[in-house]
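To start, the structure itself, in C-alpha cells.
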Amino acid sequence: IMEKLNASSGDYFILLGFSKWPHLEVALFVVILIFYLMTLTDNLFIIILSYLDSHLHTPMYFFLSNLSALDLCYNTSSVPQLLFNLWGPEKIISYAGCMLQLYFVLALGTTECVLLVVMSYDRYAAVCKPLHYSVLMNPRFCSLLAAASWVSGFTTSALHSSFTFWVPLCGHRQVDHFFCEVPALLWLSFVDIRANELTLMVMSVIFVVIPLILILSSYGAIACTVLRMQSTTRLQKVFGTCGAHLTVVSLFFIPIMCIYLQPPTENSQDQAKFIALFYSVVTPSLNPLIYTLRNKDVRGAVRRLTGYEMEQ
C-alpha cells in the first residue's frame, strides 16, 4: 500500500496507527466500536433528557449537555476513521481529511478544557455562594460562558492547525499515529520545528495547565466551604456532584498532560498512541456514567418521562 501511495503522497497521509501490532487490530476494532456506540447512546441520552425534563433546566445540566455534545463531536472526529483503518488493509486519509481532523480534534479538545473550567466555576458558585447562585449563574451568563468556550476552542484551533500545516513535510507522509495530531505531524518535517514545538508548549500551558490551576483553585475554595458545613445531606450532595466533576477532570487532563507537556521522542510515540486512545475513546463514554451514576436528579427525570410515578 505504501509503495502505491508514494507516487501520490501529496494527496494522502498514511496513518500507521497500531500496524506494529497487527494481532491486536481485530480486538481493538471490537472494543473501540463498543465504546463508540456507548458514547453515542449515553451522551445523546444526557442531551435529550436535559432538554425534555424541566427539572434539569439548571446551569449544571446545561453545561453537562454541552460537555456531552463536545464528547460526541470529539469522539466522532477520530473514531470512525480509526475503525475504518483497523477493519481494512488501507490505512489512509486524504490531505483535506487530515487537515479537517486536526482542526476539529484541536478545536473540540481546547473547548473541553475551557468548558471544564466553566463547570468548576458553576460548582464553586453553587457551594460557596448559594444565596447569590441564581443571580450569578443566570441563563444569559451561562449561555455566554458556553459560547465563549466553543469560540475560544475553534478560534485557537484555526491558528494552531494552520501553523502546523505550513511546515514542509517529508514525501512519504507516514503519520505514526491513528489520527492526525500535531506532534505526529511535526515528526514528518524536514525543517527546523523548534518554533512549532514552542508554540505547542505555550498552547498547552494556556489551555491545559492554566485551566487545571483554575479548577483546582475552585475546588480548594469548595473544600474550605465544605469543611464548615453542618448539614450531612447537603454535604453528601456536594461530594456527589463535585466528586463526579473532579473524576471527569482527572480522566481528561492527566492523559493530555502526559502527551503534550513532555518532549516527544521515538520511544514515547507508541505510549502516546495508547494514552490518546484512552482519552479519545474511553473517557467520552465514561463521562455520562460518572455524572449520572447514583444521581437522584437523573433518576427522577427518567421516572417522570417514562410515566413511572403516574403508574405508582
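If you go along the chain as it appears here, the first residue is 1 and each next one adds 1.
Just so you know, glycine gets a Cβ as well, placed from its N, Cα and C.
Not measured: the values here are computed from a predicted model.
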Any idea which of 54-73, 274-293 is down as transmembrane segment in TrEMBL?
274-293
Could you pull out which residues elsewhere in the chain have a CB under 8 Å from any CB of the transmembrane segment (274-293), counting only those six or more residues past its ends?
32, 35-36, 38-39, 42-43, 45-46, 64, 67-68, 71-72, 74-75, 78-79, 82, 105, 177-179, 181, 244-245, 247-248, 251-252, 255-256, 258-259
At a C-beta cut-off of under 8 Å, are there same-chain residues at least 6 beyond the transmembrane segment (198-226) that contact it? List them, or none.
110, 113-114, 116-117, 120-121, 123-124, 127-128, 156, 160, 163, 182-183, 186, 235, 238-239, 242, 246, 249, 253, 256-257, 260-261
Is the transmembrane segment (92-121) packed against any residues at least 6 beyond its ends, judged by a Cβ distance under 8 Å, and which are they?
1, 5, 10-15, 60, 63-64, 66-67, 70-71, 73-74, 77-78, 81, 85, 145-146, 148-150, 152-154, 156-158, 160-161, 164-165, 175, 179-182, 185, 207-208, 211, 214-215, 218-219, 245, 248-249, 252-253, 256, 280
